[in-house]
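**Q** Structure provided below as structure tokens; questions to follow.
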Amino acid sequence: MSVQEYLDKHMLSRKIEDAVNAAVRAKTPDPVLFISNHMKKAVPSVIMKVKARQVLDSRGVPTVEVDLFTNKGMFRASVPSGDSTGLYEAVELRDGDKGTYLGNAVTKAVKNINEKISEVLVGMDPTVQLQIDQAMIDLDKSEKKNELGANAILAVSIAACKAGAAEKEVPLYKHIADLSGQTNSILPVPAFTVISGGKHSGNGLPIQDIIILPTGAGRFEEALQMGSETYHHLKAVITEKYGANGCNVGEDGGFIPNVSSVREGLDIVQEAISRTGYSDRIKIGIDVAATDFCIGTKYDLEFKSPNKSGKNFKSGKDMIQMYKELCTDYPIASIEDPFDKEDWEHSKYFCSLGLCQVVGDDLLMSNPKRIGRAIQESACNSLLLKINQIGTVTEAVEVVKMAKEAHWGVVVSHRCGETDDSFIADLAVALGAGQIKAGAPCRGERLAKYNQLLRIEEELGDQAVYAGEDWRPSC
């Protein structure tokens, strides 16, 4: 094919002429760069290549990372992983060979991306997120994504979402908002983990986390400052009461002092908040993770103690009474997973009391069917969204819509095995979630999310709205 034939076939002569005319009209000082950029815009972007690899998450456990290429560049995404996989969530595909990474390698998921998913997606428009996600769901054919792996599918879904934003030349949060139909970008209240317990630590605290929520801040930047200052005051309080060893941190960055009861943990957090002077502007939350210590129909609050007294083996009714007293004595605004994942009756009754936000994590597992049941039965009033439990950006958007239509709160959440990918920060803003749970104001993989929210607030400027006192709907 001659040069002229090539130009005629692709109609390049006309496109080049249009680019040159545009450069002349713009009186650009660098016509070559201008014409190059103009030509790029004239050609719609398509997915050219998808390449995956195995990397390590914040716990040193393998996870999936994807590089997705279009003519606008390379877009990278990596997925988090949880401590354990629930029965109702999408399946995280791992190799299972105990001789390699103790069975946790993800080379099968990586291979599925490089050999199967890439073949389907190459040539697709990166802006059509629904079609991209559906193509992968159709390729997998299983209900819980166990053929290709939810970790494989989600990594590609996030990378494609980033590529779609670049193609539209808008920020990632704006692109996701467009996909969801959300018109207002809202900076979420950060739910900072400050003390870790439960199965995440070796102390005597039975519940998984004690959390602070700076709802009284005027901006996200101020909320981050309030969280950081409280965290450092708490470090001083712990050092005074328990010694320097109490300031070691768990997987989420929360301190792990040797407290043995919920009240003991809440007391030192209260002391730290009082030292900051923010007492009226910071609320407290607890993540109970009650499934971890439910035995039959009872709850063993001494499940980590080698010397059990037998006095803390509680019924569901006893747990409700305990929560009532805690909400009376402390500024508790949110309780996550107060009961076992199958204890619907006590969850419904406690939620009906209206004492605080009741967040469903293990109860829901970001599963649309579980969320639908919880909405119908009023078993909780807030969704904890973990995107790797559902597997695609599109499906995450849909379950948030379900929650919002029910006038629920929404908490976009990290996992204990995190990466430095800050995608959930943009997701929280885009969906107007109102809350983000990304760990302590400590550790790089947690701060990646909080620092991205700072950048988004700065970019929005006068248009930035911090959820603040409107952090969740009235339930």
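Using N, Cα and C of the backbone, Cβ positions are placed for all residues, glycine too.
Heads up, here are the entries from TrEMBL:
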- 47-176: domain 'Enolase N-terminal' (DOMAIN)
- 184-474: domain 'Enolase C-terminal TIM barrel' (DOMAIN)
- ASP252: active site, proton donor (ACT_SITE)
- ASP287, GLU336, ASP361: Mg(2+) binding site (BINDING)
- LYS386: active site, proton acceptor (ACT_SITE)
**Q** How big is the gap, in Å, between the Cα of the residue listed as 'active site, proton donor' and that of ASP361 (Mg(2+) binding site), rounded to a whole number?
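**A** Rounded to the nearest whole number, the Cα-Cα distance is 16 Å.
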**Q** Looking only at the domain 'Enolase N-terminal' (47-176), report the model's average pLDDT.
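**A** Overall, the domain 'Enolase N-terminal' (47-176) comes to a mean pLDDT of 95.
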**Q** Residues with Cβ closer than 8 Å to the Cβ of ASP287 (Mg(2+) binding site), same chain and 6+ apart in sequence?
**A** GLY198, ILE207, GLN208, ASP209, ILE211, GLU336, ASP337, VAL359, ASP361
**Q** Within 10 Å of the Cβ of GLU336 (Mg(2+) binding site), how many other Cβ atoms can you find? Include all protein chains, please.
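**A** Around the Cβ of GLU336 (Mg(2+) binding site), 28 other Cβ atoms lie within 10 Å.
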**Q** Count the Cβ atoms, other than its own, that fall within 10 Å of the Cβ of ASP252 (active site, proton donor), considering every protein chain shown.
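**A** The Cβ of ASP252 (active site, proton donor) has 28 Cβ neighbours within 10 Å.
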**Q** Other than ASP287, GLU336, ASP361 themselves, what residues in this chain have Cβ atoms within 8 Å of the centroid of the Mg(2+) site's Cβ atoms?
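**A** Other same-chain residues with Cβ inside the cutoff are GLN208, ASP209, VAL288, ALA289, ILE335, ASP337, VAL359, ASP362, LEU384.
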**Q** Tell me which residues of the chain lie with their Cβ under 8 angstroms from that of the residue listed as 'active site, proton acceptor', as long as they are six or more apart in sequence?
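**A** Looking at Cβ-Cβ distances below 8 Å from the residue listed as 'active site, proton acceptor', excluding near sequence neighbours, one finds GLY82, GLU89, ASP361, MET365, SER366, SER413, ARG415.
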**Q** Counting across all protein chains present, how many other Cβ atoms fall within 10 Å of the Cβ of ASP361 (Mg(2+) binding site)?
**A** 26
